[in-house]
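Worksheet: the structure to be examined is printed underneath.
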Amino acid sequence: MSAGKIIQIIGAVIDVEFPQNAVPKVYDALKVESGLTLEVQQQLGGGVVRCIALGSSDGLKRGLKVENTGNPISVPVGTKTLGRIMNVLGEPIDEKGEIGAEETWAIHRAAPSYEEQSNSTELLETGIKVIDLICPFAKGGKVGLFGGAGVGKTVNMMELIRNIAIEHSGYSVFAGVGERTREGNDFYHEMTESNVLDKVSLVYGQMNEPPGNRLRVALTGLTMAEKFRDEGRDVLFFVDNIYRYTLAGTEVSALLGRMPSAVGYQPTLAEEMGVLQERITSTKTGSITSVQAVYVPADDLTDPSPATTFAHLDSTVVLSRNIASLGIYPAVDPLDSTSRQLDPLVVGQEHYDVARGVQGILQRYKELKDIIAILGMDELSEDDKLVVARARKIERFLSQPFFVAEVFTGSPGKYVSLKDTIRGFKGILDGEYDHIPEQAFYMVGSIEEVLEKAKKM
């Protein structure tokens, strides 16, 4: 293959000069003699290409020799990747030796065509009451977990992986994009303890890594998930955190010399997001269900990054700081969270009616809160008092102890089937549990546990 030399280094962006008749293509992988991999982003003319470094550019200098591999970055795929931790290039970082996969795939691939795509409306039960009731997930759908800093995106995601791996025994791919290394480490040990590590492939490009790694690691994970899908499996693809993917794009974009757009984001924000999201789809052979944590800067949902992400999702799970401050976990906001699946034709009339009934009562309670704050409970009509009492029970019943949080809470985790969830909330709406104190509904699984807890009070 052709060889060139480094002529300029600006942080993670490196210019390499090649002979005029052997200029690398955009997205080709280049190898520096020091062992670093570069990816071509732009052809500047005169044989010069501008690349991003997929690794630290420490120690690089002008004049170093660069080889063109002639192909995009390729990563190992298939069952050999299960139970392993890899970096953006698909190299193992868990000190367990080579991956040894029979096949490697390029990380840049075309999205499936219209003919290949399938549209299923099958539900994926998560065992988390508030999600199954208010914003049910579709098999092969896309889910966003929205929340500011520290409201529980990662914990919710870990619980989903644990529940789905154990209850549905499916394969998962987890892409850690620009998140804390400590969380990645905790996550690995959590998976080992739950005995589900052999069903998960882990790909990490964490906070301390250069922007090139964080920008490409989501594509590395997605490529591994696509391989499982094309083998006819139903695979889960988890991304934590999609905002850091956007942020890495912003860093790279500025270094590449592009003009910034709104709030300083890259002008190619919508396109970069689309390239990733359009590949996360289900075909007639298998499905990819994706769960993406979305950090919301300063709790502002109108920020260009979360706003662009919203457009691609089937379900949005919004985590609220106000609910977290009440001590109700998972801190999912039942009035803000949505799902395309919440339709009588998909979930059935009973589920739809119960979910809308729960939202109706909580909305009414929200309106009455101002009156209660000024005039007190005594000024409310009897009907409104009943609404408030039921709403407070519903609020507490939406909380649930998690398996992955047992270490912190000391209470064992609970998995609640969709049938039990609907039955429980229907009972509260119908007034069957009006005589039970609201404390009994807090941090329990099914409605039977509420009755048990009430007996001890």
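Placement of Cβ uses the backbone N, Cα and C atoms for every residue, glycine included.
Fair warning: this is a prediction, and the values are worked out from it, not measured in the lab.
For Gly147, Gly148, Ala149, Gly150, Val151, Gly152, Lys153, Thr154, the entry in Swiss-Prot reads ATP binding site, with the evidence type sequence analysis. Its own atom aside, the Cβ of Ala149 (ATP binding site) has 11 Cβ atoms within 10 angstroms in the protein chains shown.
Least crowded of the binding-site residues (Gly147, Gly152), judged by neighbouring Cβ atoms within 10 Å of its own Cβ: Gly152.
Classification of Lys153 (ATP binding site) by DSSP places it within a helix.
Annotation for Gly148 (ATP binding site): same-chain Cβ neighbours under 8 Å, separated by at least 6 residues, are Tyr295, Val296, Ala298, Asp299, Leu319, Arg321.
Sequence-distant contacts of Val151 (ATP binding site), defined by Cβ-Cβ distance under 8 angstroms and a gap of at least six in the same chain, are Leu319, Ser320, Arg321, Ala324, Ala331. Other Cβ atoms within 10 Å of the Cβ of Lys153 (ATP binding site) number 27 in total over all chains.
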